[in-house]
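J.: Sharing the features that TrEMBL gives for it:
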- B:82-273: domain 'ABC transmembrane type-1' (DOMAIN)
- B:16-38: transmembrane segment (TRANSMEM)
- B:86-107: transmembrane segment (TRANSMEM)
- B:119-142: transmembrane segment (TRANSMEM)
- B:154-173: transmembrane segment (TRANSMEM)
- B:194-216: transmembrane segment (TRANSMEM)
- B:252-273: transmembrane segment (TRANSMEM)
Amino acid sequence: MVTPSIDLPNGLLMTRLKLPPWLVLLLPAILILMAVVLIPLLLSLYSSFTSYRLTRPDSITNWIGTFNYEKAAKDENFWAAFGRTVLFLTIALNLEMLFGLGLALMVSKVTKGQRLLRTVMMFPMMFSPILVGFQFKFIFNDNVGLVNNALQSLGLSSTAIPWLVDGKLALFSIAFAEIWMSTSVFGILILAGLYAIPQDPLEAAKVDGCTSWQSFRFVTLPFLMPFIYIAMAIRSLDVARAYDMVQIMTNGGPARRTELLWTLIGRTGYVDAKMGYANAMGYISIFLAIFFTVYFFKKLTSARAELGMGG
Amino acid sequence: MTTDRTHRNRKRALRIAHFIGLFIAMSIICIPGLWIVLNSFRPTVEIMAKPPVWIPNELNLDHYRAMFGGNGQGGVPVLTYFRNSMVISVTSTIIALLVGMGGGYAFARYRFKGKAALFVGLMATRAVPGVALSLPLFILFARIGIIDTHFGMILAYVAMNVPFTVWLIDGFFRQVPRELAEAAEIDGCTRWQAFWRVEFPVARAGIASAGIFAFLTSWNEYALASQLTRSVYSKTMPVGLLDFTSEFTLNWGGMCALAVLMIIPALILTFLVQKHLIAGLTFGGVKG
């Protein structure tokens, strides 16, 4: 490859420092991410070893070692929130994938008005998570909400069901909102996969006498896997979007029954002003998120290689 | 004959099941949003009515009038929030696009050591949960004195959007055949000219959709904005939504009206970009 030396706007800098062009091009991205993500994260790593409180700024120099992490490890509320977050994500992501697959299959079979359906399908994607939270807080409201109104008008329930007040029902309502918000990410990407599927193997399977289930299971599904992993990778990039929604709908309540890691961190940091402790818990949630992301990107690469699409 | 008939019956049953399934799915997708829109036009008395009023007796623009009316009786400075949201989202989108074009081009066209690791590293920064990032950013911004400013929010949103724009734009540049730019260079263009005259126009639609995606992310973001903005100087609309809640009451109608105002731009932009967005995400991912 010919290295351009004088034509790029950064030509001067490059000839002096001899930076390779790819680095010059990537430098703004790297710098800004260092300034806004990496350095703050280092600061929060440091402060997680101190007893830093927002109300007493000088406490940031008060080094207390791994005390915050030990405290987190012994904190029942923390582990309950941690377990609930992992469980919530596992259930939500799997259901979103299944519903997304079902939705995509149904839409792909439609002959007329498919464009319109595709647009409607993307509808929830453009809602702000906070809007979704508020919308379902309204819909599940026990007094004026749509769900209770409908159930009572139809005579299916004589009393107001406390959707967001009862612990188990609240968790269900939150999961419903989360699935409503994010199923379309899977649906849209799986639909794109269905459009790209080659017809030959499907016809061959038919000739060989496969049932429609068999040809779906052994031809369509393996082909769709990379698309499912893309959707998983995209979703794992912002699983924490659920924070906005949960904060509005229940704010972790009632009595911490819907507390997820993120609401716990937010409350500890800003309401209780225990920044050091919140940062320690924040770090654990960051590792959880990065683990998910790297895992799905790895899966994506191997799924691609299997189909011979890697490069 | 009988097998033929059962076959046909089964086919018809399948078609009906397909129709019903699709109808239910689409209803679940549409009804929550439509309900919000409907309630933004209904007087509060009707929203709170017990037993519920199913067929609206009266639709009016009271909530919208109250919202734009300024600070009278619980009015929220919606126009200021709208302007803040616009300024912050548009500026951060433009910067994120420029930075993302550089990065995406580098990933699509150059081979270098540690490329895969750097790519995953960039993506991992996007995975940091907003609320976890907001703690140190809050401390840092407060120290530098850029809390509650447009500048601070723009900076945060550029960083949030860059990994994603890099990923999308990388995918779009990959779709542009390398030979195209090489041919232009042989014809006497410099690398820089070849980029602007040949590669950029081909990938332009894709880049535009990356921009819309970045815009929507900033437009809808809450976790960072709720901590880094304090007053009307920089509060964005998602944060402003909370102004309609007080300790014991919620102004449902007013909230619905603001929600509609938030959705309209997002709706238009998503509609414009849907085709390219799907192509960008899948090609960026599959052919990567």
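For all residues, glycine too, the Cβ spot is worked out from N, Cα and C.
I'm curious about the neighbourhood of these features; can you describe it?
T.: Counting only same-chain residues 6+ beyond the ends of the transmembrane segment (B:16-38), those with a CB under 8 A from a CB of the stretch are 56, 256, 259-260, 263.
With a cut-off of 8 Å between Cβ atoms, the residues of this chain six or more beyond the transmembrane segment (B:86-107) that come close are 115, 119, 122, 150, 153-154, 157-158, 161-162, 164-173, 195, 199, 207, 210-211, 214-215, 218-219, 234, 236.
Beyond the ends of the transmembrane segment (B:194-216), by six or more residues, the same chain brings 89-90, 92-94, 96-97, 100-101, 105, 161, 164-165, 168-169, 171-173, 175-176, 180-181, 184-185, 266, 269-270, 272-273, 276-277, 279-280 to within a C-beta distance below 8 angstroms of the stretch.
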